[in-house]
C-alpha cells in the first residue's frame, strides 16, 4: 500500500491543476445537490423491533389518519401569583391568543383550554393545543411569526405565556463563538508547530474543503441538523490532524534534501499509510454503530464515517497537490542567530519526557492507571435516556413551557404513556378495555388514566396513562416495565395484547436497545483493536496494552460526563441547563470515535519506537528515539482535536454539548495520559518481551507496512529523484 500511495502522492503533486480542479468540481456538485435537496425531516424516528414501535404501527393500522403528520404547538398560560387563568381578563386574554393563532392559514385546529378541560386543578395554569396542516419544516415564516406574535400579546396582557411543540422546535445551531475559538486555538498550535503562516493555514484549508463537501453531501441525502453538527465536529478535527501528519512528514523529507515532488510522494507513502489505517479503523467503528439497530444512531455513524472518508481522500490527493503550488512557503526560514541554533541543538521535549518516564516507569504507570481509574469512578452510576425539552436551556420558551406544565399539572404530564389495547379477538372488547383501565389505574406511580377512545371498528382502544414522575426519571421507566408486566397477565387472561408507546416509552426502548448493544459493541471494538495492532506491530503485548489504554480513556471520559451532566459538577460553568441521565446514544457513539483516534495516536507513536527497536536500539532507548520523532506532532494533533471538540461544549443543544465534552476529555486522557505516559512506562517495564510474537503466529499474520518502512528502505537503495539541499527560494513552475 505504501508504494501505491507514494505514486499517488507524486502524481497528485505533478498533476496538481487537475487534482485541484477535480475537488472544486466535486465541491460545487455537492453544494448544488444540497441546494436542490428537500429539507431534512426532523419529526421523530422509528425504532424497529421494539414494543413502542409495534404499538405505533398498530395505531396507524387501526386508526387511519390518527397519527397526523402535521406540526403541533402547545401554548402554556400561567396567571400571575394568586390569580386564576379562568378569571375575567385572564380568560379573555387566553381566548384572544387562541383565536389569533387559529386564524392562521396553515392552522388545522386551535383548541381552547376551556373547552378541552386543559386547566390545572388550582386554576393557575392552562394550555391550548394547536395542530397544523403542514409539517414543521414546511411551516412558513409568517405562520411562525403569527404564533410568536400571539404569545407576545398574551404576555402584554399580564400572563406568563410560553410555547412548545414541533412547530417551534429548532435543531442545534451549526456554528458559534466557542467553535470559532476552537478553530483559532488550532490555528495557533499549527503556527507554533510549523512556524510559517501558510504552512499553518494549509491543514485548516483542506479540512474546511473536506468539511464543505461532507456537509453538502449529508444535506443532499436529507439527514438531520444534529447529524450535520456531529459531522462538522469530527470532520474538522480529523481533517486538520490528518493534514498535520502528512505535512509534518513532507517538511521532514524536504529538510533531508529531497526535492518537493519526491518529498510529497514519500510523505503520502509513509505518513499517508498511517492516515489510511487510522481512517479505516474509525470508519469501520462508526459504520459498525448500525449493529445497535437504532436508525438515528446508524445515520449519525454513517454520516460521520463519510466525512472521515472525505478527510482521508483530501489528505492523500489535494494536500500533495497544494504542496506543488506552495513549495517555497511551506518550509521555515533558516535559523540564523546563535540562540536559535542552540535551541535547535537541544534535545526535543518529547524525548526528554520519555527519558523522565522510563527512569521511573512503575511509578508513572501506576499514577496513570490509578488516576484514570479514579476519574472513571462516576461512570459506575451511568444512567441513560433520551433528552427532551427538559434538557433545553432555561432561556428557551420550550423549556419554560415544559417547566410550567410540570408545575401546574405534575411532572408526568410532559411524558404521558399511550397504551393500546387490541381487543379484536375477545368476546366483549369494551369489558376487556375497562379491565385494562382498572389495571392501569391500580399501577403504582400512575396518577391519571384517560377514558378509552375506540376506533371505528370498535376492536382497538387507546388510553393515556400519566405517570407521577417526569419522562427521563428512573421511576418512569419502572412504571413502564410494571405496565408491560401487567399486559402479559391481561393477555393471558383475556387474549387481548396491551402495548405501551408514546415518546416516553419510545425513549425508554431506545435506551434499552442501545444499552444492550453497548457491551457487545465494545467487545468487538476492543477485539478489532487487538487484531489490527497485532498485524501492524507484530507483537502480542503491545496491542493488548493499547486496547487496555483505550478502555481506560473511554471509562475516564464516561466518568467526566456522569460527573458533569448527571451529578451536576461544574454544570453552571459549562452551561448545563438540566442534570439527569446521560443521552443514551452518547456512550456507544463516543466509543466508536475514540477507538479510531486512539489507534491513530498509537500507530504514529509506537511505529517509530518499533522502527528504532528493529534497528538494534535497546527497548528503553527505542522509546526515547520514537518520542523524539513523533511526540511533537502527536501532541499538536491532540491539542487541536481537544480545542475543536471543546468548542462544541458551548452549544445549547445538550446532545452536542455532551459529545463535545466527552470527546475532548477522551482525547486528552488518551493522548496525554495513556499514549504519552502509560505507553512508554509499560514498554520500558516489558523490555524485549513487549515485541514478542510466537513464530507460528508470525507466519499467519500478514505483513502490513503501515508506516512505509519497506518503501523507505527501497527508496534509500535507489532514490527516485536526485537528492539536493532544500532551499526556501527554490522555484517551482506552477
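Here the Cβ of each residue, glycine as well, is placed from N, Cα and C on the backbone.
Feature annotations, reproduced from TrEMBL:
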TRANSMEM  20-40  transmembrane segment
TRANSMEM  174-194  transmembrane segment
DOMAIN    197-325  domain 'SSD'
TRANSMEM  201-222  transmembrane segment
TRANSMEM  228-247  transmembrane segment
TRANSMEM  268-294  transmembrane segment
TRANSMEM  300-326  transmembrane segment
TRANSMEM  362-380  transmembrane segment
TRANSMEM  518-537  transmembrane segment
TRANSMEM  549-570  transmembrane segment
TRANSMEM  582-601  transmembrane segment
TRANSMEM  633-652  transmembrane segment
TRANSMEM  672-693  transmembrane segment
Per the definition of 3+ C-beta pairs under 8 A with sequence separation of 6 or more, do the transmembrane segment (549-570) and the transmembrane segment (633-652) touch? no
Please figure out which one of 228-247, 300-326, 362-380, 518-537, 672-693 racks up the most CB pairs under 8 Å against the transmembrane segment (633-652). 228-247
Output the single range from 20-40, 300-326, 518-537, 582-601 maximising the number of Cβ pairs under 8 Å to the transmembrane segment (228-247). 300-326
Please report, as numbers and ranges, the same-chain residues at least 6 past the borders of the transmembrane segment (362-380) whose CB is under 8 Å from any CB of it. 552-553, 555-556, 558-563, 566-567, 669, 673-674, 677-678, 680-682, 685
Sort the residues of the domain 'SSD' (197-325) into helix, strand and coil with DSSP and give the three counts. 118 helix, 0 strand, 11 coil
Same chain only, please: residues at least 6 beyond the ends of the transmembrane segment (582-601) with a C-beta under 8 Å from a C-beta of the stretch. Say none if there are none. 230, 234, 238, 241, 274, 277-279, 281-283, 285-286, 288-289, 292, 294, 296-297, 300-301, 304, 308, 382-387, 507, 510-511, 514-515, 517-518, 521-522, 525, 528-529, 532-533, 546, 549-550, 553-554, 557-558, 561-562, 565-566, 634, 637-638, 641, 654-655, 658-659, 662-663, 666-667, 670-671, 674-675
Other parts of the chain folded back onto the transmembrane segment (518-537), taken as Cβ under 8 Å at six or more residues beyond its ends: 277, 281, 284-285, 288-289, 291-292, 543-544, 546-547, 550-551, 587-588, 591-592, 595, 598-599, 602-603, 606-607, 610, 691, 693, 697, 701-702, 704, 706
